[in-house]
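Peer 1: If you scroll down you'll find the structure; I have some questions about it.
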Amino acid sequence: MAELTINADDVRNALNEFAASYEPGNAERVEVGRVTTASDGIARVEGLPSVMANELLRFEDGTLGLAQNLDVREIGVIILGDFTGIEEGQEVHRTGQVLSVPVGDAFLGRVVDPLGVPIDDLGEIKAETTRALELQAPGVTQRKSVHEPMQTGLKAIDAMIPIGRGQRQLIIGDRQTGKSAIAIDTIINQKANWASGDVTKQVRCIYVAIGQKASTIAAVRQTLEENGALEYTTIVASPASDPAGFKYLAPYAGSAIGQHWMYGGKHVLIVFDDLSKQAEAYRAVSLLLRRPPGREAYPGDVFYLHSRLLERCAKLSDELGAGSMTGLPLIETKANDVSAYIPTNVISITDGQIFLQSDLFNANQRPAVDVGVSVSRVGGAAQVKSMKKVSGTLKLELAQYRDMQAFAMFASDLDAASRQQLTRGARLMELLKQGQYSPFPVEDQVVSIWAGTNGHLDDVPVEDVNRFETEFLEHLKHKSSILTTLAQTNVMDDDTAAALKSSIIDFKKGFFGEGDNHLVGAGHEAHDAISEGEVDQEKIVKQKR
């Protein structure tokens, strides 16, 4: 048998040749983790030492998960889907991708889930690209001050709490006080801008529904479709039946879709309905991940949850395309308590709040905006000049009216000036009432507010103020060019005011009966004028309830 010999030079040469031809890129490293526990939409996974925060993981049955807690021995994973098929011991693989959603104009008119998957049975969506959910908000130098108006079509808001493009305006109030109605009216009011075809005017809208009933979301979609607003709106839906992880991610998915348009130089309006339910979902997820609870059992970073979301709404500088994203977050309060944890957090983050009062809503004052508590911190710079001029004294007059109304409940007799304040205040409150899904063009609002603040409605009975307003606006549309002039110039000058005064005097001649102070219209009978003695005896008496 021949003796086996090893030549050291041959071994050395073979190793050198292998090292020279070796390409590290051809080697593939695969990390595999295993599920240790899975329940309540949360899985704990051992292994995967190189996993990234917010990386997508894939379970054996194809379900995706989101890596959250990166502990030394295991990972806390939010399961994005049905967790019933995930069991202990199953393999988990990395995808190497952070959570992102598809974006693009193809999403307009569609209803998608928080992962960007269509759920409206209208086929697949061809996305232009994808965008990560966790993105840094624009910095200070990338922004521009808010200076363009975002019209809601609601007189009470556009006159006293104006909103600008790029602003974050909180809508806060108890349940069933009309919060969603204001947001939907604002979306519907963008129809004229969309129909104009002018990119600088058009506003793409995103409605993020968090934790609502599926029937409610379907009703919102139908309302938008009936009013011609669905074609420029995307609905991101995470109904109450969704896992808590989906409700937590839905607002970020909506903002990612909006940011794509904003950085493309377009204008976006995004509605978060509502962030109270997102905070509750995040609390549930955090407690299941065994994170330390804080005040009201919310995790310590619940402020950061909302701040990093709302800071993405901005008016970009001209160098970045001058696009904007306006945010309307909604918060539900309990018993009108705005001093609770989540409401105070979001109030401190946003640029103002619209507070809806349940007492006003129940008194049929809708929209039920409490003007005394509501404020817009930056929207005043974006208000059109004509509206700023006519509404300058409106907030003060309403405040004086509320004070006098409280005083009149206990006073048996009032002087003429006090009665005048009550007369005008009651008519201004009636003027601010507005039906749902019937937003007003800004020029119509200017004329209505002008008529109220200048005393032209003082001789109109309160119950006929809305009819007077409707018929006067129709009169102007058919017999005057004042509305067209206001729409084009947005300026209420002396000539326009004089023409308006002349028009309203002429209109009253046909609207009022001859020689008396009562209206004669459809369903109204003429009466004799009240004598001066009877007027002097007018008293305001507190009504017993």
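Any Cβ shown, glycine's included, is placed from N, Cα and C.
For reference, Swiss-Prot lists these features for the protein:
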BINDING   G173, D174, R175, Q176, T177, G178, K179, S180  ATP binding site
SITE      S374  site 'Required for activity'
Peer 1: Counting other CB atoms within 10 A of each CB, which of the recorded positions Q176, T177, S180, S374 comes out lowest?
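Peer 2: Across Q176, T177, S180, S374, these recorded positions, the one with fewest Cβ atoms within 10 Å is Q176.
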Peer 1: Return the count of C-beta atoms lying within 10 angstroms of the C-beta of G178 (ATP binding site), excluding that atom itself.
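Peer 2: Neighbour count, Cβ to Cβ under the 10 Å cut-off: 20.
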Peer 1: Counting Cβ atoms within 10 Å across all protein chains shown, which of the binding-site residues R175, K179 comes out on top?
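Peer 2: Top count of Cβ atoms within 10 Å goes to K179.
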Peer 1: Sort out for me which one of G173, D174 has the most neighbouring CB atoms within 10 A, since those are the binding-site residues we care about.
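Peer 2: Of the binding-site residues G173, D174, the most buried by Cβ count within 10 Å is G173.
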Peer 1: According to DSSP, does R175 (ATP binding site) fall in a helix, a strand, or coil?
Peer 2: coil
Peer 1: Apart from G173, D174, R175, Q176, T177, G178, K179, S180, which residues in this chain have a Cβ no more than 8 Å from the mean position of the Cβ atoms of those residues at the ATP site?
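Peer 2: Neighbours within 8 Å of the Cβ centroid, excluding G173, D174, R175, Q176, T177, G178, K179, S180: E332, L356, S358, F361.
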Peer 1: How big is the Cα-to-Cα gap, in Å, between S374 (site 'Required for activity') and G173 (ATP binding site)?
Peer 2: 11
Peer 1: State the three-class DSSP label for S180 (ATP binding site), counting H, G and I as helix, E and B as strand, and everything else as coil.
Peer 2: helix
Peer 1: If H, G and I count as helix, E and B as strand, and all else as coil, what does DSSP give for S374 (site 'Required for activity')?
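Peer 2: S374 (site 'Required for activity') sits in coil per DSSP, no helix or strand.
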